[in-house]
Each structure stands twice: as C-alpha cells, then as structure tokens.
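Enquirer: Pasting a structure here, questions to come.
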Amino acid sequence: MALRCPIVSVLGHVDHGKTSLLDKIRRTRVTQREAGGITQHIGASEIPINTIKKVSKDLLGLFKADLSIPGILVIDTPGHEAFTSLRKRGGALADIAILVVDINEGFKPQTIEAINILKQCKTPFVVAANKVDRIPGWNSSEGPFILNFNEKNQHPNAMTEFEIRLYENVIKHLNELGFDADLFSRVKDTTKTINVVPVSAMTGEGVPDLLVIISGLAQRFLEQKLALNVEGYAKGTVLELKEEKGLGKTIDAIIYDGIAKTGDFLVVGNPDGVLVSKIKALLKPKELDEMRDPKDKFKPSKQISAATGVKISAPDLDSVIAGSPLRIVPKNQVEAAKEEVLEEVEEFTILTDDEGIIIKADTMGSLEALANELRKVNAKIKKAEVGDISKKDVIEASSYASTNPLNGLIISFNTKVLADAKAEIEKSDVKLLEGKIIYKLVEEHEEWTKEMEELMKSDEINRLTKPAMIKILPNCIFRQKEPAVCGVEVLYGTLKIGSPIMSEDGKKLGYVKEMRDNQQENIKEAKVGMQVPVSIDGNIVLGRNAKENDILYVEVPEPEARKLHHEFKDELRGDEKEALSRYMELKQKIENNIFWGM
C-alpha cells in the first residue's frame, strides 16, 4: 500500500522556538530573515525520508524503526491560529502535531490554548521540550538526545536540574490537563502516554529523536489515514493567496490526497460558493526549501501527489480566501468536484442569531474556531464573515447597538481594519476588539460584556424613580406655595430633583424643583440623614395639605417599584430598601391591593 507523507503542524507559544527548530531540521535559516524572529507567514516544507534516516541513523536501530513513509510534510505556523485555519472535512488538516514548549519557561497561555485546540480536533501530538541547552551546566551537542543523556556527558547536577524542569515545567502541566506524559525513552505505551522529546534548536540536540518519534508514530498509528489515493483527483486546502512576479495572483496550498496534473481544473471555495479556473502551472519548491522563502525559484511540475505543498498559478484567483477547500480535477469531473467543495463550504457555514455581535476572521477555519469559542460563553453572533473590517460592518454594528448596546461589538481575528471603517468607529458607539489569539479575544469579550451590563444596569437604575421618605422640619416653612419652600429631613432613601411627592393618604402634592446644601449650593440629590431646604412645585400648600412634622413620600410608579423590588433590590442601600418597603406597604393599603408592586 502506497503511503503519503504525514502532514505535521508545529504549535507553541511565541518565542518558544517553533521556526528555529524547523530551521535546524531543514538546515535553512528562515527565522533570521523575518522581523522580530517570529514566524510571519504560513509555509510548508517537505523533509524526505532519506534526510530523516541520515540525521537519525544512530537511533533507527536503537528504536527498531523501519520507516516506509516517503517523508514528512511540515506546516510552519505562526502560533496555532493557522492550525485552526487549515481544515478539511472531518477536522484538522494536520495528521500529527509538534507542540513546542520552552523547558525553562514552561506552559504559557498560548500553549494551553494550542492543547485545547488539539484535543478538540483529536490530533495526536508530541511535545518538543526546547532550549535544553539553557539548563545550567548542560553540555548540549548536535545529535541524538538519548546518546547525550548520561553521566558520562552530563554533570550530575545538570541531570538533576533537567529532571526537575522536565517534570515541573512540562509533564506536571500535561498531567493537570488530563494527559499522561513522560520522557520519550521511558514511554511504554504510546497510545496512552504523550512523548516528550527534549531538543535544542540552537545546537540541534534531540532533532534526530524528534524526527524518529514523529515518523514512527505517524506510520504506526495513522497508516490507514496515510494510504495514498493514487488514482483519485487531488484534494487540498488553501494556505494563502500570493502575488508572484510574472504570474500574478497564485495560491499556496497543501494537497492531502490524490494526484494533480498541469492542465487540470482548479475547483476552490470562495465567499460566493465555488470558483473554477484552468491551472496554468503547478509549482513546487525544492526539497528541504521552505515554501514561503525559497532560495531558488520554484520548479514547475507536470504532476504532483499528496501530501505536498504546491503553488498554483491560474486565472481569476482574487476572490479565493485562506482555509478554503480545493480540488484539482480533469474537465469531466468538474461538476462532481463543485458539488463536493460546495458541501464542504456549507459545513463551514456558521449559524447566526437574530441579534448579536459581528465577528470577522482571516480564514474560514479561524472564523469557525472563533465562533465555537464564543458560543461556549453564550455569545450571540449576528454576522460572521471572512475578510477585513469595512465601514459597512461598523454601520451595521451601530444599528444593532441601537436596539441593544451589547450588540455594538465587532471582534476581529487577524484581519485589517480599513481606513473608512476606522473613521466610522471613531464617531460611533461601536466597540472593536482585535487580536491574534482566540482565547484572549474571548476573554476581552467577556470583560467588555460584563462592563457593559453593569453600565446598562447602572443607567437603568438611575432612570428609575428612587424611593424616599422625608419629614417636614418644624419652624422651617419658608413659603407656602407656587413653589412651596421648606426644610426637610431625609428619613430613608434618596431624594432627587424631579422626584414626585405624595402625602401619607396618597394625594399628589407636586415634584421637587430645587434643593440646596448647607452652603446654599444647588444639589441634585439628598441622601438619608441630610436636612435640606427644598422647593416643591404643584398642588402643595404648606400649612394646609402638608404641615410641619408630616411624613411625605416619593411616589414611585408601580412598574418601577416592581422593577426595583425584583431586579435591583441588591443594588439598593439598606435605607433605600426600607423606603421602598414602607412605600409599597402604604400603597397596598391605599389601593386595597396586597399585590401592588409585587
């Protein structure tokens, strides 16, 4: 049975050494040509089996490994967002993953998110415990870790420190996340225990061990998955759309099954459904050369077979988006391929709600991953699209916010904000959350939602009529009417400007027009215990329908009293609760209705 290369994805926290480790394997130096030493784009590299056997020759006999796969195809990802982007029907594009962890720093938030994604996609993985060369006293050298891990080559103190860091920074965290894990040479059952392979991207130590473990695991446990369909048409996923000099727009893609030929037709998903275009050229990088930064030009291929990274030149590719499914077929199979791609695109369709927020992402897979994580925290999504944030998105979000402020949010994963959209955001009430880490965006969404809910609750409470009981102070009637002016003491609750006032027998007396403090400054409210002069405009005539020592109440409309009693009671001070309780008892008596306000 012919086997294809297993597709390997590399995940891990920023600066834990993903690209440097791959560079060591490929003997190229991509990282040094990139800004900040951090992977900026997605790429793919083929590592032929002969290369693996060459660098691992000392280990093949030790592990009794008989490798028959043609090699491995490594997707070099910027963190793990690309892993979620690269999907095929049934889950992740990658057959197996390498999770890179700095053995000295241990697990970081992105490490945990990467593991959660791997669990969700049911993708087997190996842990590369990188930067073993930085363990104090460790004598790191190029070659197999297993041959260097002994007291002949290492000081006992360095061996002890290695064991401590291996357990404390790697194995313990894996255990806490529900995985059995151990140093790869101690693993007895690879179906139940995660292999941890110590490596150094600087010296090359452990790279042979890692290649043997990855190749052996893939061949042993994924044989059925790696069976090559030697007669079927090519199936793949778009990595990214690129402008190439002399070729125009091209697609970088991973082919995971079947065979493709020059002159075949490309059938690929796009926002409108399916695009069909005749292939002009299938271009491949040379072996051990990284797809996004080759030192030599691509070479044209008449035929390619899975698994491989390929650059596709064809007309009219502008609307293609990363993460889209693709097929490469002869003319007589175009219609069947269109149906297949359409079905796969529809699987990516995200169910939306009648109301909610807007989410945008750079690829179909990452949009799906973002939506899934937001659903876990009960977020409602009105619109989910691939692409940059436009002015139209902002206007739509603003209209959603007009009915519910919680809907005035756009979450952008790894996309640009167009200039006119930025200008629109500045003059609108729309909130924009941007980022390249899904879990952080979800956390920020939860924090923003909580803040907004508290603000909305506070606004609503402030709009409600606050309960209060006041007493007209003796010898403090300054004007009888139009408006009446007198001194009052707030017995319970909060007296505010505009509060409607009633007597103990339920008669409407007017509303609070003005209040002053001891310095004769106008104030907007008076709280329990305060004695203040007030003016009351309305039917009140002091000395006639309201007298010294009379108790007056703020008249709270029944719907507002009910809201305060049921929804906002915990937000009221103790004296405000007492004012509300006494007022409701009084109204129940006056209205002869024990359910008033309940």
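Even glycines carry a Cβ here, placed using N, Cα and C.
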Enquirer: From the ranges 76-79, 88-91, 352-355, 480-483, grab the one Swiss-Prot calls region 'G3'.
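Expert: From Swiss-Prot, the annotated region 'G3' range turns out to be 76-79.
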Enquirer: Looking at 37-41, 102-106, 427-431, which stretch does Swiss-Prot describe as region 'G2'?
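Expert: In Swiss-Prot, residues 37-41 carry the label region 'G2'.
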Enquirer: In the three-state scheme derived from DSSP, which category covers ASP15 (GTP binding site)?
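Expert: Coil, per DSSP.
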Enquirer: For VAL132 (GTP binding site), name the DSSP secondary structure in the helix/strand/coil scheme.
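Expert: SS state of VAL132 (GTP binding site) = helix.
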Enquirer: When the pLDDT values for the region 'G4' (130-133) are averaged, what is the result?
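Expert: That region's mean pLDDT is 96.
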